[in-house]
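Reviewing the structure listed below.
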Amino acid sequence: MSANLVPLVVGLPLLGAALTLVLGRNTRLQVLVSTVVLTAVAVIAAILLARVGEEGTAVVRVGGWESPIGIVLVADRLSALMVLVSAVVLLGVLVFAVGQGLADEHRDTPVSIFHPTYMILATGLFNAFVAGDLFNMFVGFEVLLAASYVLLTLGGTGARIRAGVTYIIVSLISSVFFLSAIALVYGATGTVTIANVAQRVAELPDDVQLLLHLMLLIAFGIKAAVFPVSFWLPDSYPTAPAPVTAVFAGLLTKVGVYAIIRTETVMFPGDVLEDFLMVLATLTLLIGIAGAIAQADIKRLLSFTLVSHIGYMIFGIAIGTEQAMTATIYYVVHHITVQTTLFLVVGLIERMGGATSITRLAGLLKAFPVLAVLFFIPALNLGGIPPFSGFLGKVGLFQAGVELGTPLSYIAIAAGAATSLLTLYALVRVWNLAFWRSREEMESGHQSRLVSSLQEDPDYSGGTSTRTTPRIMIATTAAMVVLSVALTVVAGPLLEISAEAARNVIDPSAYIEAVMGGAR
Amino acid sequence: MNASLVLVLLMAVMYAAGVYVMLERSITRIVIGFVLVGNATNILLLLMTGRPGAPAFWDDGATAASEMTDPLPQALILTAIVINMGITAFLLALIYRAWWLARTEAKDAQPDEGDVVDDGDDLPEQVEDADRVFEETGADADAIKEEQDEGERDDTDAEPGARADGPADIDQRGVQR
């Protein structure tokens with residue numbers, strides 16, 4: 001029964017994209033359609049999450065072909081949870097974008113294009129989460145990437161085109177890796193259905209396994225912005241309109257993390273690359289946060305913390321125990337929410353304060369106390385201050401790391417703790433300079449060494465004047481902040497769901513059984 | 001599994017040429033490189049078909065499955081080709097836009113072309129100007145006029161010093177809309 005709901009997760013946004021495109025001239029109807037679609041997907045995902053818990057993994061054989069021949073859509077707890085969180089976050093950002101669009105008319109976001117593209121992005125995202133075979137996952141990736149290219153270059157200003165070109169080329173290279181990997185997987189195993197690959201891959205020689213494994217990891221690693229291939233992210237995300245950056249930051253990298261989780265647990269279980277991933281996680285953590293500290297522009301700073309915190313999730317995946325995977329899944333949920341919220345807040349700072357560089361901002365606490373609160377809570381959350389969800393996720397990861405007890409895991413824990421503190425340092429510095437410092441202090445030209453050594457945004461093009469900020473933008477951001485705090489309040493049930501999802505992925509036999517039904 | 005040597009060589013040459021061209025700085029060359037690499041990958045998929053045989057599904061099952069060519073890689077290639085085509089079209093549009101911006105920028109940099117007199121080094125401003133010119137020549141002239149009117153109103157309202165007036169001011173104006 002619940003299986004019938006799975007295709008809706010992909011179909012509804014696709015239908016929404018078509019409708020919003022037809023309704024191009026009527027913004028109100030577009031908004032209505034997008035909102036209804038995303039709400040519906042969120043509700044369906046919630047039902048799926050509850051049902052999958054009772055009935056086991058939901059599998060849909062598209063077109064009635066038996067797997068491994070046909071395409072399968074699979075929703076287990078992890079997929080349903082990811083779809084639920086993404087839908088909620090997409091909805092929040094949509095409302096924020098609508099608020100901004102109403103205030104700006106045609107300035108930054110040509111609204112008639114925004115809604116269809118946004119719906120396509122959602123389609124690709126949800127499709128990647130419920131895809132039961134590698135090629136369908138590839139199609140989901142491509143759909144969401146194509147939409148992201150359009151969203152990133154919205155309006156086509158010079159800065160966005162420059163940033164867009166970097167992003168698109170890097171994404172294309174990752175796609176070529178992914179497609180080549182799919183071709184090789186098909187050549188080696190004769191199937192692209194993930195569950196069937198999992199059954200057959202163990203029979204391959206070790207070196208062939210390693211090659212396939214690495215090809216997939218490179219493809220997903222670029223998407224997830226894991227260290228050696230994370231250079232593109234801080235250069236491309238910050239130039240996009242605020243809501244677009246928020247969605248990208250929250251969700252696009254997490255699709256890569258999700259794919260890595262599936263690769264490491266279902267297709268290539270065991271600890272062949274455990275040490276390798278552990279080293280990558282450590283480097284991602286440290287190098288990402290080192291970049292963040294040097295930035296004056298808040299958007300760039302947050303982009304670097306985004307890269308850095310991907311390291312936590314890779315660390316959890318590298319440990320690979322049930323406890324670690326529980327913490328990883330919880331951390332993914334936390335990070336999607338908090339990172340999106342922070343980027344929305346920066347969107348507000350940009351409108352209200354007229355700049356995003358902490359060397360040009362001051363006195364925001366006095367001028368906009370509400371904004372200050374909205375920034376402060378998610379900032380502490382990201383930095384990992386108890387009792388927020390960032391703390392809970394990190395503690396879970398560190399505990400799992402200690403239980404593993406290898407020297408590398410201790411190094412990674414140390415790097416994780418340092419990253420947590422440095423994140424806090426970077427964000428508190430934003431707080432001190434942009435919110436706490438008085439305007440007089442900034443204008444008097446007092447320069448501390450902290451400020452003068454900062455790296456400004458190379459694309460900075462003069463401050464925009466203060467524009468009106470509709471209540472709806474503030475209200476949406478506030479709702480997202482409440483949601484991120486709620487992750488602490490519901491931490492018990494959420495961790496339980498994460499634990500069950502983790503059990504599903506750690507022992508993929510139920511997943512394989514549900515998809516293949518005994519066939520090989 | 002057996003594969004055609006010619007196809008393997010073709011794939012290798014296309015990969016090599018594509019990667020080589022992609023290493024250039026120019027976007028146009030990168031697009032050419034992408035097309036080459038993308039098609040090399042399609043050939044890789046084709047190579048995974050294995051032994052050639054009869055077409056699948058054409059005579060109501062009279063052909064035994066073992067005699068057929070594997071149809072799946074062809075389906076995958078078809079999808080990949082469509083995706084590649086779409087992305088290539090988008091990239092070409094992007095190149096055109098970048099070229100357009102660069103051209104307008106060069107035009108605006110000359111002092112006798114209108115009122116934009118700059119020191120010529122301030123690139124971002126010129127890019128914005130190019131963008132403004134593009135929008136003015138673009139379709140939605142009414143909306144842009146409205147926007148400009150509003151922009152003027154906002155400019156008079158919001159002096160840098162007036163920012164500290166606080167949220168009350170902003171809320172009022174937010175509600176007006």
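Placed from the backbone N, Cα and C atoms, the Cβ positions cover glycine too.
TrEMBL annotations: computationally assigned, not manually curated.
Because the structure is a prediction, the values reported are computed rather than measured.
Sequence annotations record features per position, and here TrEMBL assigns transmembrane segment to A:6-24 (among others).
Look at TrEMBL and you will find A:31-50 (among others) tagged as transmembrane segment.
Sequence annotations record features per position, and here TrEMBL assigns transmembrane segment to A:78-99 (among others).
Residues or ranges marked as transmembrane segment in TrEMBL: A:111-131 (among others).
Annotation comment: TrEMBL describes A:131-412 as domain 'NADH:quinone oxidoreductase/Mrp antiporter transmembrane'.
Residues or ranges marked as transmembrane segment by TrEMBL: A:137-155 (among others).
According to TrEMBL, the feature transmembrane segment maps to A:167-188 (among others).
Under the heading transmembrane segment, TrEMBL lists A:208-233 (among others). If you look at the transmembrane segment (A:208-233), the same-chain residues 6 or more away from its ends with a CB under 8 A from one of its CBs are 141, 166-167, 170-171, 173-175, 177-178, 180-181, 184-185, 188, 201-202, 252-257, 259-260, 263, 267-268, 272-273, 280-281, 283-284, 287-288, 303, 306-307, 310-311, 313-314.
Outside the transmembrane segment (A:240-261) by six or more residues, the chain places 78, 82, 86, 89-90, 93-94, 96-97, 100, 108-109, 118, 121, 125, 128-129, 137, 141, 144, 148, 151-152, 154-155, 160, 163, 216-217, 220-226, 233, 299, 302-303, 306, 310, 313-314, 317, 325, 328-329, 332, 335-337, 339-341, 343-344, 346-347, 350, 505 with a CB less than 8 A from a CB of the stretch. Taken from TrEMBL, the feature transmembrane segment covers A:240-261 (among others).
Summarising the annotation, TrEMBL assigns transmembrane segment to A:301-321 (among others).
Annotation comment: TrEMBL describes A:361-388 (among others) as transmembrane segment.
Look at TrEMBL and you will find A:408-428 (among others) tagged as transmembrane segment.
According to TrEMBL, the region 'Disordered' annotation covers A:447-466.
Annotation comment: TrEMBL describes A:472-495 (among others) as transmembrane segment.
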Other parts of the chain folded back onto the transmembrane segment (A:301-321), taken as Cβ under 8 Å at six or more residues beyond its ends: 224-227, 230, 233-234, 237-238, 249, 253, 257, 260-261, 264-265, 271, 274-275, 277-278, 280-289, 291-292, 295, 327-328, 331-332, 335, 339, 342-343, 346, 382, 393-394, 397, 400-401, 403-404, 409, 412, 415-416, 419, 423, 426-427, 430, 506
